[in-house]
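Colleague: For reference, Swiss-Prot lists these features for the protein:
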ACT_SITE  Cys141  active site, S-palmitoyl cysteine intermediate
DOMAIN    111-161  domain 'DHHC'
TRANSMEM  14-34  transmembrane segment
TRANSMEM  49-69  transmembrane segment
TRANSMEM  155-175  transmembrane segment
TRANSMEM  198-218  transmembrane segment
Amino acid sequence: MNLFRFCSGLKVLGYFMILLVVAVVGVSYYAVVVSTWWPILIRGDHGALSALAALIIFVFHFLLIMLLWSYFTTVFTDPGSVPEHFRREMGGGDSLEAGTSTDQGAFGSLGYCTKCRNVKPPRCHHCSVCQRCVLKMDHHCVWIVNCVGARNYKFFLLFLFYTFLETMLDVIVLLPSFIEFFSQAIKHSSSPGKLASLVLAFVLNFAFVLSLLCFVVMHISLLSSNTTSVEVHEKNGEVRWKYDLGKKKNFEQVFGKKKAFWLLPLYSKDDIDNITSLEGLEFPTCSDIDP
């Protein structure tokens, strides 16, 4: 029985996950901005509190814009597949047999995909959901209906980063309402439905904060060692992973060298032209830079 044929169903699930992301954003927006801080701001009868409301609303919208920008860039960016010119240059895999590899100079050790029946560059893996080989594949993410690979890994990390900050902000500003829900004040509340929506938003954001914290820590560790989620199982206890070039170079392979672009879900033209790893075909190893 081929279980991989059911993987295509994950794509259908992914479209519902996009709607779920939009729904959570909508609930959070209503709870934080519409119900809580916007009324305080427009009343303007509390100097310090109004200033705090303005600050919270500004930060909330800034993080929301960066979150959605990073998210949809990740969704709509091709993670990278083996280009046709690469297959032609490498002979289409005719010289390779299934399960073998060979050294091809600048491209390092090439592999062979038994499903695509073609040659593949280093760090490239076959995705059973997308039905193709993905360059520097990290994993297939149902939340974005896409693979995370060489060309959208930075955008995915920024999506995690901004989502974590946004949900953390929501948890902090909604905490008083959550506490109020369990106090005697709920019995005297003129709008229990509004209070319930605030509590729902708090619970959802708190759950996301906990899960995202684990995910962010994991990917910081992977980024610092220049490792993907797939490659964690390939390292086989190596003292030093062959693609680990040091934390600075590892970071630049994903985020580029232009600091002004590090927190934006896009690359500078110089980085695209000069960093081969962003194309997902060539990756220097530690033996290339060690004296």
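Yeah, the Cβs are placed from backbone N, Cα and C, and that goes for glycine too.
Computed from a predicted structure; not experimentally measured.
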Colleague: According to DSSP, folded down to helix, strand and coil, what is Cys141 (active site, S-palmitoyl cysteine intermediate)?
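Modeller: DSSP call for Cys141 (active site, S-palmitoyl cysteine intermediate): strand.
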Colleague: Quick check on the domain 'DHHC' (111-161): DSSP residue counts for helix, strand, coil, in that order please.
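Modeller: Counting residues by DSSP class gives 9 helix, 18 strand, 24 coil.
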Colleague: Who are the long-range neighbours of the transmembrane segment (198-218) in its own chain, taking Cβ under 8 Å and residues 6 or more past its ends?
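Modeller: That would be 24, 27-28, 30-32, 35-36, 160-161, 163-164, 167-168, 170-171, 174-175, 177-178, 181.
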Colleague: Among all the protein chains here, how many other CB atoms are within 10 A of the CB of Cys141 (active site, S-palmitoyl cysteine intermediate)?
Modeller: 20
Colleague: Using a Cβ cut-off under 8 Å, which residues of the same chain at least 6 positions beyond either end of the transmembrane segment (49-69) come close to it?
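Modeller: Same-chain residues near the transmembrane segment (49-69) but 6 or more away: 25, 29, 32-33, 37-38, 40-41, 43, 158-159, 162-163, 165-166, 169-170, 173, 263, 265.
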